[in-house]
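As recorded in TrEMBL:
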BINDING   Asn108, His113, Glu118  oxalate binding site
BINDING   His111, His113, Glu118, His158  Mn(2+) binding site
DISULFID  Cys32-Cys47  disulfide bond
DOMAIN    62-213  domain 'Cupin type-1'
SIGNAL    1-22  signal peptide
Amino acid sequence: MAPSSYFLLAALLATVTSVAIASDPSPLQDFCVADIHSPVKVNGFVCKDPMAVNADDFFKAANLDKPMDTKKSKVGSNVTLINVMQLPGLNTLGISLARIDYAPLGQNPPHTHPRATEILTVLEGTLYVGFVTSNPNKLFAKVLNKGDVFVFPQGLIHFQFNPIYDKPAVAIAALSSQNPGAITIANAVFGSKPPISDDVLAKAFQVQKGTIDWLQAQFWENNHN
């Protein structure tokens, strides 16, 4: 085989492999209930003995029909996530769920899910939502009302904001990973432990180091339940 053919074959295999591992692995059996307490470390969780599995492994009394407290959140929102850590039966199934409650003028601040695409529907109220693409950083945004649906592509920075000053909002989101992860931009940049050098951030944001020091001194909490 000519060298050019070897190169093309290698490129094809690399492309196919990258597509195959671009999301949660597909299950090779009916289910693989997570053994959360297993000492064995794998990508995801070891399967529980199928003979020890019962209906409760696929069930959680999550109370997602009840309003969640947003008063303690600085950003005015509360995310109740149901992922594999709360529901072991989700292991290898590539899906999770979240209820998001928004106070009047509350928001789920700009963040990303490194391992999941998100589809969100508004159950009550109104939301201004959007995401930003990779370079050249174009914003796609929309005002959603009850019953509307919006998709946030995997890994892209996105947000939701309740623009109504006197009414809360509620949404349900489905995510294409058993463990989608969440990186809130402000928390990651200004609240990392240990902190990012203020020289780096002052240069990146084109502000004085004193501004960065003030931001890093704030209490950066997450809004996940």
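Just so it is clear, glycine is given a Cβ too, placed from its N, Cα and C backbone atoms.
Predicted, not measured: the structure shown is a model, and the values here were computed from it.
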Quiz item: Where the distance is taken from Cα to Cα, which of the recorded positions Cys32, Cys47, Glu118 turns out closest to His111 (Mn(2+) binding site)?
Solution: Glu118
Practice problem: Taking the recorded oxalate site as Asn108, His113, Glu118, identify the other residues of that chain whose CB atom sits within 8 Å of the mean position of the site's CB atoms, giving them in sequence order. | Solution: Ala98, His111, Thr112, Ala116, Leu120, Phe152, His158, Ala173, Leu175, Pro180, Ala182
Quiz item: What is the total of other Cβ atoms whose distance to the Cβ of Asn108 (oxalate binding site) is within 10 Å?
Solution: 29
Quiz item: Taking every residue in the domain 'Cupin type-1' (62-213), what is their average pLDDT?
Solution: 97
Quiz item: Once the chains shown are all counted, how many other Cβ atoms turn up within 10 Å of the Cβ of His158 (Mn(2+) binding site)?
Solution: 22
Exercise. Compare the C-alpha of Asn108 (oxalate binding site) with the C-alpha of each of the recorded positions Cys32, Cys47, His158, and give the closest one.
Key: His158
Exercise. Across all the protein chains here, work out how many other Cβ atoms are within 10 Å of the Cβ of Glu118 (oxalate binding site).
Key: 22
Practice problem: Using the centroid of the Cβ atoms of His111, His113, Glu118, His158 as reference, list every other same-chain residue with Cβ within 8 Å of it (recorded Mn(2+) site), in sequence order. | Solution: Thr112, Ala116, Phe131, Phe152, Leu156, Ile157, Pro180, Ala182
Quiz item: Looking at the recorded positions Cys32, Cys47, His113, which ones sit with their CA no more than 10 Å from the CA of His158 (Mn(2+) binding site)?
Solution: His113
